[in-house]
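The substrate binding site annotation in TrEMBL covers 16, 19, 46. Annotation source TrEMBL lists domain 'PurE' at 8-159.
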Ligand code: RP5
């Protein structure tokens with residue numbers, strides 16, 4: 001995993017190594033756009049002191065957006081958002097017991113005052129969290145804005161050129 005604590009603009013954190021299968025999609029999207037980022041396992045309940053240290057130092061280290069993925073009783077995004085003013089994007093990881101509905105509801109239902117921008121359950125949510133982080137960074141970065149525009153154009157062209165089998 002990339003780890004360059006000095007220049008990262010985005011941090012991708014997740015509650016467990018088991019979340020990587022999902023959260024790697026955020027990492028891959030950030031890689032594709034050349035956005036400096038770092039990835040860490042940070043558990044709200046297993047490593048509370050590490051979460052506190054991470055969140056308390058994130059802004060001063062130059063991070064601009066945090067993407068936090070967790071499953072089950074998924075309090076990582078909310079507990080991270082509580083300790084930093086950086087925007088936090090939450091990704092509900094698909095859980096075995098409740099298919100990610102537990103993760104989604106845990107992340108999305110933040111009481112007023114501490115927002116978490118909640119994405120879709122699973123891999124699409126992780127990829128979109130990265131795209132949203134990129135769009136946020138792009139408001140002040142024309143080069144990134146052009147990369148985002150090109151990405152949309154390529155996506156559109158692919159869909160327009162898709163053919164249905166046997167048609
Ligand atoms: C959460 O519990 C993690 O985010 C993960 O999605 C879930 C299960 O963790 P493991 O038991 O696989 O470590 O904290």
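Keep in mind that glycine also has a Cβ here, set from the backbone N, Cα and C atoms.
Source: prediction; values computed, not measured.
Feature annotations (TrEMBL) mapped to structure.
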residue : record                 : Cβ within 10 Å
16      : substrate binding site : 17
19      : substrate binding site : 25
46      : substrate binding site : 11
Worksheet item: Max Cα-Cα distance in Å among 16, 19, 46, the residues listed as binding substrate?
Response: 14
Discussion item. Please list, in sequence order, every residue of the chain apart from 16, 19, 46 whose Cβ lies within 8 Å of the Cβ centroid of the substrate site.
Written reply: 14, 15, 17, 18, 41, 43, 70, 71
Discussion item. Taking only the residues in the domain 'PurE' (8-159), give me the average pLDDT of this model.
Written reply: 98
Discussion item. In the three-state scheme derived from DSSP, which category covers residue 19 (substrate binding site)?
Written reply: helix
